[in-house]
Ligand SMILES: *Cc1c(COP(=O)(O)O)cnc(C)c1O
């Protein structure tokens, strides 16, 4: 039976080289880095080394890198921590309608606490309008949180321009770069980024480890209180093996970035071209270099995303109907609604995300199994029957 994994945006496998570096930290090198003996110094050194690798990948300083329990924690910390620290300056936050739920639900929570949040619209390819951003900033604005690249439709925002606007207006800029790091170039200095979130398990590192980059000089309150770890900003005994794994993963990802981007864009474009040959199929998100290299997201009209997933699963293809968080629920994706798709079309979406182990043959296999699935499902669909009878309205 074929086994084709096309859900890299949900999570990746851990690279063998990454796992190998992690292993000793579970068994021999297990010392608590806060203690005063040799095996502790070993783990403390390992953390410092990993921090250095992450700083190098982001073009930041080592002491601007803080380890967290993953991408969601980094997003929560950035937004809640800034909201709380800058409460006296203002109570307004700007974000977008297409953020990951780790950002959206955090903003909704803050609205209940009395903050005001502006959710910027996006165009039909998922881009924000820079003038909308400029116009939304007021004297009360303390934070702009806009994702680097979208996890569903792959849209890469003009991050450098956003950073420049925020800098000019004296507003802090946070970006959720969980999908961007390791897939496209990221440079916090050049792009004027004040805070940035990333996660291990989207870049061939382990789950449950992430980073919040906090530019020096940015005031932020703690999310997790307790011991003095992470320079007293994030309490809790360090996830040493995770930290070591994340350092190795980001090092590998950035070393081979050009090659990886090239390979992924070719596979992506081949898959998109093939899928668009199916009648009544639309691409969600942009084409070209403003789209994440491994991301494909299409809508097949007249059918349900969930039924496509079931049929694909039967053929050995692991895919998603949007974000992992929305599969299983009957609500259409907030991202697809934000780019202007009607509910009916947003329900028929399929996300295929590729990565390190994806081959040309995998793409060809998917292009072989998808068309008959769509045809069969359409033949069972009352929407399709209506369309055939009456013609398009
Ligand atoms: C996966 C993801 C997250 C959440 O990261 P976790 O490590 O799973 O908590 C946040 N933002 C984006 C864009 C993601 O893709």
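Placement of Cβ uses the backbone N, Cα and C atoms for every residue, glycine included.
Here TrEMBL flags 325 as active site, cysteine persulfide intermediate.
Summarising the annotation, TrEMBL assigns pyridoxal 5'-phosphate binding site to 71, 72, 151, 179, 237. Around residue 72 (pyridoxal 5'-phosphate binding site), a 10 Å sphere centred on its CB holds 20 further CB atoms from the protein chains shown. Following the DSSP three-state reduction, the secondary structure of residue 72 (pyridoxal 5'-phosphate binding site) is helix.
Annotation source TrEMBL lists [2Fe-2S] cluster binding site at 325.
Residues or ranges marked as domain 'Aminotransferase class V' in TrEMBL: 4-366.
Other Cβ atoms within 10 Å of the Cβ of residue 202 (N6-(pyridoxal phosphate)lysine), summed over all protein chains shown, number 28. Secondary structure at residue 202 (N6-(pyridoxal phosphate)lysine), as computed by DSSP, is helix. Marked as N6-(pyridoxal phosphate)lysine by TrEMBL: 202.
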Notebook entry, point to check: Any idea what the model's mean pLDDT is for the domain 'Aminotransferase class V' (4-366)?
Noted result: 95
Checklist line | binding-site residues listed as 151, 179, 237, least Cβ neighbours within 10 Å | finding: 237
Notebook entry, point to check: Checking the binding-site residues 71, 72, 151, 179, 237: which ones have Cβ within under 6 Å of ligand 1?
Noted result: 71, 72, 151, 179
Next item on the list: Whole-number Å only: compute the distance from the Cα of residue 202 (N6-(pyridoxal phosphate)lysine) to the Cα of residue 151 (pyridoxal 5'-phosphate binding site).
Entry: 10
